[in-house]
Every structure is written in structure tokens, then in C-alpha cells.
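Quick look at what TrEMBL annotates:
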- Cys131-Cys147: disulfide bond (DISULFID)
- 1-19: signal peptide (SIGNAL)
- 39-61: transmembrane segment (TRANSMEM)
- 68-92: transmembrane segment (TRANSMEM)
- 211-231: transmembrane segment (TRANSMEM)
Amino acid sequence: FNLLFTVLGLVVLALGLWGLINKESFAQEKIGQISTDPMLVFVVLGLVLSTLCLSGCVGALRENCCLLQVFSATVLVLVAAQVLAAIVAYSFQGQIEGYLRSGMLAAMVRYQDDLDLRFITDEIQIGLQCCGADNYRDWEVNMYYNCSAPGVLSCGVPATCCVDPLENGTVWNSQCGVGSQQLDEFSAQSVIFLGGCLGGMSRWIEQHTGLIGSVGIVLLGVQIITLFITTRLMDNIQCSKATMEATRKLQDNIVEKCYKITYSGNATRSTR
């Protein structure tokens, strides 16, 4: 399993690096925004996953207690971090909602400039049938959808906000949200989704609390079982090494005694 997850981690790492290089995120004019690049998540996740699982894999194959100790200590830290994150998320729901709002508004600002953020925002709006962070007028923060913008998108919203973005059920109408911010809520509700995505996320979490909790418990249980197995493996390795050392010492003692007996017998015969 560690070997499989090592390969998976390397694939995720390669995907993240490919995305950063392909978008020229390391260029001087873009390096300041790399911390908000979604591809950075793939890089960090792939690096941590591949390094952790490789240490466990090599440690188990070579019976290296040092690598196994690094592996078990890292898994223990991850378990503690997940438990702590769950407690913090439950205790500071208001602050987390504020961070989510800030993150989504930042993604909306860069909607036209970053394909990854655009894809994520579109998927959220389509999946949750929402528009903006709190409501559809949040798209005012985008320089292209701002009502003072000179382009055709002025005072509009993305097509993923539209109730029916398809014409005749087949053709995607990218202009269906044009001018929506100028409409009152009664007129706009037949064209676009009025509710923000933060409210949609909250409702989705409430509806799937049981599933989220079950998945979290299963993942935590798997990691705890992994810790138990790793600890037992290290105990077995140390026990095996101790047995081999004891056997070697016993063999050395037997050889030494045999040598003494042989030497003593030879000396006695020489005297006679």
C-alpha cells in the first residue's frame, strides 16, 4: 500500500509542477500570486504523500527502524493535526466562514486571469446552483463584470450563474448573464441564481454531515491502524535483532568453550 501511495504521490506532484510550469507561475510577474495558485496544493500534497509513504515502504522492506520511526511519527502528527483541525473548525465556524468568503472573493477577482480558479468557481456555482459569495452582486469585484467596465461583460455575471445557460438544450450561451446586476431580485430570479455560494456550502455540509463524519472516522481509523501495525513491526524487528544477537553471543561462547577444552586437552597430552 505504501508503494502504491508513493507512486500516486509522485503522480500528483508531477501534475502540480506541470500546472505551475505550464502557467508560468514561476515568472517574476506572477511569483507573488503563487501562494493562491490551486496547483500549489497538488505540489505540497504530492510531496508529503510520496515522501511519507516512501519512508514507510523502504523502512518495511529493509527493516530499517529509523525510517519506520519517521513514518510513524509523521502519521501520528497527521492524526493529531486532523483531530485539532476538526476541533478548530467546530469551535471557530464564524472565522472560517470569513476566510472562505475572502478566498472566494479573491478567486472572483482573478476569475478571467487564472484558468484553475475559473474552473473551481464555475464548478462550485454549477454544483450548488449559486452565484457569487453572498449574492449575485458580488461579481462587482471583478474588473470585467464591474458596472463601470467598458466591455460587453459590464454589470453581468458568468454563464454558470444562469438558471438555464443552454439555448435549445444544446448550445452554451456565454452571454446569458449579461446585465444581470442591473436587474432587481424579482426580475433576476428567472435568469440567474440569486443566492451566494457560501450559503449553498453551509446547506450542503448540513445535509451531508453524517457522510462527512463517517469518512473522517474511517480515514482516522485507517491511520491509527497503520500506526499500530508499524509499532508492531518495529517491535518484531527489534525482537528479531535481539534474538540474532543473543544467538551470535551464544555461538561465540560455545566456540570459545570448545576452543578452551581443546586447548586444555592438548596441553594435558603434551605434559604427559
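Just so you know, glycine gets a Cβ as well, placed from its N, Cα and C.
Unlike curated records, TrEMBL annotations are generated automatically.
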For Cys131 (disulfide bond), nearby residues of its own chain (Cβ under 8 Å, 6 or more apart in sequence) = Gln125, Asp138, Trp139, Val157, Cys161, Ile192, Phe193, Leu194, Gly195, Gly196, Cys197
Measure the Cβ-based neighbour count of Cys147 (disulfide bond), defined as the other Cβ atoms within 10 Å of its Cβ.
-> 13
